[in-house]
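Note sheet for the following structure.
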Amino acid sequence: MQLVLEKRAERSTIIALVSPVIAIGLTIVTMSILFVIIGKNPIAALNVYFITPLTDAYSLQELAVKAAPLVMIAIGLSLCYLANVWNIGAEGQFLVGAVAGSWLAVKTNGTDAGVWVLPAMLLLGAIAGALYALIPAFCKVRFGASEILVSLMLVYVADLLLDYLVRGPWRDPAGFNFPTTAEFDPVATVPLLFEGGRLHLGAVIALVIVVAAAVLLGRTIKGFEIRVVGAAPRAARFGGFSSNQLVLLTFAISGALAGLAGIIEVAGPVGHLQPGISPGYGFTAIIVAFLGRLNPVGILIAGLFLALTFIGGEQAQIAMKIPLDITKVFQGILLFYVLACDSLILYRIRLIMPQRKAADGAA
Amino acid sequence: MELLEAIILAVLAASTPLLLAASGELLVERAGVLNLGVEGMMIVGAACGFAGAWATGSTLIGALCGILAGVVLSLVFALMTLGLAVNQVATGLALTILGVGVSGLIGAGFVGERIATAPRLYIPGLTTLPFVGKILFGEDAFVYVSLALIIGMSWFLYRTRAGLVLRAIGDNHVSAHALGYPVLKIRTLAVMFGGGCAGLAGAYLPLAYTPFFVPGMTAGRGWIALALVVFASWLPGRLVIGAYLFGAVSILQLHAQGWGVGVPSQLMSALPYLATVVVLVLISRTRSGGSTAPAALGTVFVPDR
């Protein structure tokens, strides 16, 4: 038996729509098998994972809180991937944005600085993230260095930078030697949408970014250029689009969004700078971008779904003692299925049986 | 003199996983496939390698478990990219994300456990030679295997017909297919070889480098191995230089921390990653005249029958 791909005459629109759903379905089947292997009841585990987080108001808010950074980062990454350049260092840009914004919060801590602090922090975070993302982009267009490897190496560097700052110069003097900055002042904190809740302004910002990206991609020349450079680089050159300029632009935008997500996370749900502020948002956002088919609205839905895996993973650990790593396994398997199902949009799969050949030989 | 000997031994130990993983990836890339999942295959190799050695007490079985884990993961990659023509960059990333999770699951039960480190070669008379004895004749098997791999690979790529076919497929899969070579089959074998090497490289860490398993213990070595292949301009011989250079950088930063050099330890720890960026920039710039990368690297191939 042999597996053969046959190119479709046209992209299959039906499969383009249902492929993320098929991928999620296959992932859930695979996960059930995995739960059985590690000796857990799969029905109960899936229930804790996907249903219970949706049943109370607190978890629903938490879902939006976790989805906001994922959506923001994934929107930026989708622009890169549409232009066929590979920023996989969003985690680093997220951390650097968090660090840059926190600098202002640490410096103004305890002073009676005005309400300008938070907007300035958000701006700093976005700028720092953009500059950090421009390093691999610049190395690519100027020297031809692989943006994949450079952007990834800078994740480790950003992680160490944050570690140095919170253990060294920025450590809270009253923090019992814990590696953390002092708690941010109220003016340096992202406001909550409802008093006493968890939902903060970041969720609104994420929605605004989704709309902005939809407009950019669907209604502007720049958005068109990004898509053409990625899909048909030769045609783009004839059209006079500068692919180098677009590499810089898409990296800068994605870095800025990751940096913004970083500082919002620190100034919002976390409230101070410390190591481990991200459970891998920058990497999970890659999955969000692909599951959302590199489309802003798709990314919004995909972001909510992957946020669910984080919350479900935490609850499954507490309720059923399922190791937290299963969330990463889950996310990895999901990305595999998403990519495999996407292949069906362009190709038809044919299984060729060798029996006929054998029969011919016998005759 | 003794300090120098200790440093050289440490550099060899730190370089070996890089060399093992990078040599596998070099062959994969020479066949025209870009597998970015080296880090994922390494970390699963580390977990499975430790599990195997812990259960049986044998370094050899541990190493074989690591290799097997790498091969299994690489087959998933091959099925996706070669069988289903999925984008190789995205699939490699998926493999790394999955690998980190899987190794965490497997390794969770082993955190805190210890095993005996891999035995070192001992030849009476030779190993006891002053200075060079331990360096040349007192290493663990992994070090010798990694060097043998490089020699074997150079021979295979440049002295055998199969090596020529593999390089041809990496440079132009359409022509190779037209000539009747089984492109996807040879690429699958190359990917499996790369997976085995990455798994072995990962297994080296808990089996010989440190006698215990720590989650995330590969710490980006798989990614550095990918950069080393670029550094080596896809030539096996230069891989040795690159790997030992990087091993030296990582050992240097450890020693510098020990000597109390007045810079933050985090900056020293960042050195290998920063060095990778600098090397990538320099090596890519000097090659501005024409790339030495296999021409079909990372491109999708679907044979039309």
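From the backbone N, Cα and C atoms, a Cβ is placed for every residue, glycine too.
If you look up TrEMBL, you'll see A:12-37, A:67-86, A:113-135, A:147-166, A:199-217, A:246-264, A:276-292, A:299-317, A:329-347 marked as transmembrane segment.
Proximity of distant same-chain residues to the transmembrane segment (A:12-37), defined by a Cβ-Cβ separation under 8 Å and at least 6 residues beyond the stretch ends, is recorded for 45-46, 49-50, 291-293, 298, 302, 305, 322, 326, 329-330, 333-334, 337-338, 340-342, 344-345. Packing against the transmembrane segment (A:113-135) from elsewhere in the chain are residues 87, 89, 92-94, 96-105, 150-151, 154, 158, 185, 187-190, 248, 251-260, 262-264, 267: each is 6 or more residues past its ends and has a CB under 8 Å from a CB in it. For the transmembrane segment (A:199-217), the neighbouring stretch richest in Cβ pairs under 8 Å, chosen from A:67-86, A:246-264, A:276-292, is A:67-86. For the transmembrane segment (A:276-292), the partner stretch with the highest count of Cβ pairs under 8 angstroms, out of A:67-86, A:246-264, A:329-347, is A:67-86.
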